[in-house]
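K.L.:
This is the structure I want to talk about, given as structure tokens.
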Amino acid sequence: MKFELDTTDGRARRGRLVFDRGVVETPAFMPVGTYGTVKGMTPEEVEATGAQIILGNTFHLWLRPGQEIMKLHGDLHDFMQWKGPILTDSGGFQVFSLGDIRKITEQGVHFRNPINGDPIFLDPEKSMEIQYDLGSDIVMIFDECTPYPADWDYAKRSMEMSLRWAKRSRDRFDSLGNKNALFGIIQGSVYEDLRDISVKGLVEIGFDGYAVGGLAVGEPKADMHRILEHVCPQIPADKPRYLMGVGKPEDLVEGVRRGIDMFDCVMPTRNARNGHLFVTDGVVKIRNAKHKSDTSPLDAECDCYTCRNYSRAYLHHLDRCNEILGARLNTIHNLRYYQRLMAGLRKAIEEGKLESFVTEFYQRQGRPVPPLNVD
């Protein structure tokens, strides 16, 4: 992987990630394909929304179908027939989401398989091996996603262990002869001094890109913005910056304003299945009765298949009847909305008009522009 930085506007960056499997224009949003599919979508449909890279879930694909089935096909690209690059998370977040059925040690994490209850162990080395078999174009280190809230002492211990795991991840990645990219993950909760230690330690190990982890886990938005403002300038400028698990459209806008290049989140697909649809002027809850006889498109400014062909009334009807097509059409729209938003941000950065774009984005939704505390 090669990262090319074209231009900046304030702290916002316009560039691209170059892979053997294709080019990803940044800032970029990655749809989430947890089980080897972006829910309800064919790879061709995902590509048609403008997505150039997707995310796969190491933890879930390891448990089912497993490494051996994956290797029978070649790798995850061959298994799911996605031709572009794939980033896989390390499995850490899912393991730590298991709560009481997992035990963290210096060696790794002991837990019970949520499918059948069998005892399982996952550590940095195993995570690197699974992601190698998946053929991931971007591999994420195995870390502990520090929960929120966490006091300073716990966050410090967690961050320090994640640094040790980062070195173990790097060593195993290299010993496998993996020629793809490996990203480090910055931890430290909402504490700037701990984030400083994490960034410094990861940069000393050396990675192809750096993710900001442990945000969007329940902390106030002001804390997320503050940490991004503090951390991003410390990440080497020639490396991509990835904000994990984020987020709402406004979170993408605020991340880009602070220097983030990559995002992923289940929100556009999950919300689509629940009838929450993102449009230029905010959010449409399509199951509300007021849409029953509305013959207008979901978003007059959207060029997606759904908006070009169907009315709000039809989407409302499909939702009320619990038709699978409704979830699919909603997903096509939400994914396209996110990709149109990213394309708009990229164009605004190129033209040096990012703040004008941001102002219009919020004005259309009747909301104030959040403060930006950067030099």
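Glycine is treated like the rest: Cβ placed from N, Cα and C.
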K.L.:
Can you pick which of ASP137, ASP143, ASP261, ASP264 Swiss-Prot lists for the same substrate site as ASP89, SER90, GLY91, GLY92, PHE93, GLN187, GLY214?
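P.N.:
When Swiss-Prot describes the substrate site, the candidate it includes is ASP143.
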K.L.:
Under Swiss-Prot, which of the candidate ranges 245-251, 364-370 is annotated region 'RNA binding'?
P.N.:
245-251
K.L.:
Region 'RNA binding' per Swiss-Prot sits at which of 74-78, 174-178, 269-273, 349-353?
P.N.:
269-273
K.L.:
Check Swiss-Prot: it lists CYS302, CYS304, CYS307 as binding Zn(2+). Then name which of HIS291, HIS317, HIS333 it lists for that same site.
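P.N.:
The record-listed residue among the candidates is HIS333.
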K.L.:
Same-chain residues six or more away whose CB lies under 8 A from the CB of SER90 (substrate binding site)?
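P.N.:
When sequence neighbours closer than 6 are ignored, SER90 (substrate binding site) has THR58, PRO124, SER127, GLN131, VAL139, MET140, ILE141, PHE142, ASP143, SER169, ILE185 within Cβ distance under 8 Å.
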K.L.:
Looking at Cβ-Cβ distances, which residues of the chain lie under 8 angstroms from GLY214 (substrate binding site) while being 6 or more apart from it?
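P.N.:
Once residues fewer than 6 apart are set aside, GLY214 (substrate binding site) is near CYS145, THR146, TYR148, ILE186, GLN187, GLY188, SER189.
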K.L.:
Which residues, given as numbers and ranges, are at least 6 beyond the ends of the region 'RNA binding' (269-273) yet have a Cβ under 8 Å from it?
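P.N.:
Here the qualifying positions are 31-32, 38-40, 327, 330-331, 333-335.
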K.L.:
Take the mean position of the Cβ atoms of ASP89, SER90, GLY91, GLY92, PHE93, ASP143, GLN187, GLY214, the recorded substrate site. Which other residues of that chain put their Cβ within 8 Å of it?
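P.N.:
Once ASP89, SER90, GLY91, GLY92, PHE93, ASP143, GLN187, GLY214 are set aside, the remaining close residues are PHE96, MET140, ILE141, PHE142, GLU144, CYS145, ILE185, GLY213, MET244.
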K.L.:
Compute the mean position of the Cβ atoms of CYS302, CYS304, CYS307, HIS333, which form the recorded Zn(2+) site, and then list in sequence order the other residues of that chain whose Cβ is within 8 Å of it.
P.N.:
PRO297, LEU298, ASP299, ASP303, TYR305, THR306, ARG308, ILE332, ARG336, TYR337
K.L.:
For ASP89, ASP143, ASP264, listed as recorded positions, tell me which one has the smallest number of other Cβ atoms within 10 Å.
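P.N.:
ASP264, out of the recorded positions ASP89, ASP143, ASP264, has the fewest neighbouring Cβ atoms within 10 Å.
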K.L.:
Can you give me the same-chain residues 6 or more apart in sequence from CYS307 (Zn(2+) binding site) with a CB-CB distance under 8 Å?
P.N.:
PRO297, LEU298, ASP299, ALA300, HIS333
